[in-house]
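Each remark here refers to the structure printed beneath this line.
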């Protein structure tokens, strides 16, 4: 019955709206006006421009009635539309009466919901409970109202006595009510002429703060006339939440706007981003446009600069601050402060220029010094001589070697000798090298030094430490060699108690002799090492011998047998013939190697302290004991045990041949290398026979089946053997086990 009365009441308005000319007053493109109510897009007046979005059609009549909105076949008067907040206020009778058939008010299928923040659920009556129900008749909200005495009923109060209020549930789209009397009996519909009073009440949704309770309202709870009150609806754009809507072609938010999800149901709304204003649902000049903060009301104390979506304030010269009227503004710092700051800035600039000039002058000076040293140390001569080589010697710059050795820190020193100091360095490619800081080179012999450097760069033998490059930008030349990790043979023989097998000692002797023979025969010009000693024989991680330190080395032209030089070498190893004549030959290296061979046999130093004689020369002492048949007094017990005295005597004889006073009576280095290699091979074959045939058989036939050949361990690439193998190996024919 209530719905019928409601429709009859609105019938004249509908007829007026449909049969009267439309009255559309356009305020601006995208916004219309009807009876002093602004109609912003997506709302719009039917027949107006732009056309309203679906579900947001507004009816406006020329007679001045309206505006109206159609919601689910019902028409409601519009009080206000808020674009920013997403609200539309309407006049509606969202009411249900206890004494009449329960009615429902539905917004389902529309873009609207009851606002949970702008409305209140209100019930008027005595001794009743008004309940909001969902579609499944479940309780979702409500309140209770009591009436004990009339004196307790106060006008304007709605706190549970004759009037109660409760929040509207979020997302409510349908008003369905049920009343229950306070004694627990569910209310039943009465006849239409029932009188109001206890047990008869009404409940409705109304805009908060718009309804004020009055005691006379208790007599209207059963009125036949509908009560129209302000109700706030929250609207949103249909199409799901923002994340889903952005993927759709119908996405409503235009440029300079952002999307946010409706907090009261499914859907979304749009708003202009900060610094912009306008209608976020429209494109172009009617949409979100930049706010010119400077033109409207400048927020700056001095100069205001408008930017897209924002603004900035600037202060005049000599003043500081944020320039905002509501901030620190612009504060003067004074001419004295400006002058002080300017003076300090100028002083700082002068200091920077001074330091930069000093650095530039120093850099140029260092560059000139490096260039002078490079020329002084024969750098241009070296470049010319190596220009035609396929793999020229690398020329390092001093800065790289400084970095690799921490500026030649004493912590990186790995050796000292008569011809320089050796440092450990790590290059930029993480390669570990040995850097030798040579002694000053005599300028009169510079070309000879460069020639020797070129020759050494061409030495390629597995038992010779490889020269990688040099640096000539320093006062003394720097030579860069491969780094050998296990130290010198001298250290292993004399400074440790670590056992070195006879086989390893003999192999080290073979490798050293092979390297020296290579230097004497296989290079373009024979190279005399001139300082062969155990401290110049390095051992790598596999105990492979590497001949090093060519600081005293000299090449001998092929058409000469010797060169005359200043005497250089190490006491105990130096060739006495060279010492007396100053004539350096390849036999000088043979003599020094003989001393090394005795070191390997005895583990004694070349010059040792003797309690009776003071200093004792190892070579002379060994020769004397050999003549007296007393080798056991000096030979290392480990060698005597592992090699046997006959093998020891064989090596001792070879060493003494190397130590003969006249160089012409000494064997050549190639002969020494081949004899030692043959002995090493003989020893290995003897060990194999002993293991296969037993000690007795091996003892009797160890030489009968021997084929003495050079081993693969002997590297003599490029050597022309001047004596036949028969002649060289003649001393081994009568060798017994």
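The backbone N, Cα and C atoms fix where each Cβ goes, glycine too.
TrEMBL entries are annotated by machine, without manual review.
TrEMBL lists transmembrane segment at one of the ranges 246-274, 275-303, 304-332, 333-361, namely 333-361.
For the domain 'EGF-like' (290-322), the DSSP-based tally of helix, strand and coil residues reads 5 helix, 14 strand, 14 coil. In the three-state DSSP classification, residue 437 (ATP binding site) falls within a strand. A gap of 70 Å separates the Cα atoms of residue 437 (ATP binding site) and residue 304 (disulfide bond).
Along the domain 'EGF-like' (290-322), the predicted structure has mean pLDDT 83. Cβ environment of residue 304 (disulfide bond): 293, 294, 298, 311, 312, 313 lie under 8 Å away, each six or more residues apart in the same chain. Packing around residue 437 (ATP binding site) is summarised by its Cβ count: 20 other Cβ atoms lie within 10 angstroms of its Cβ, all protein chains included.
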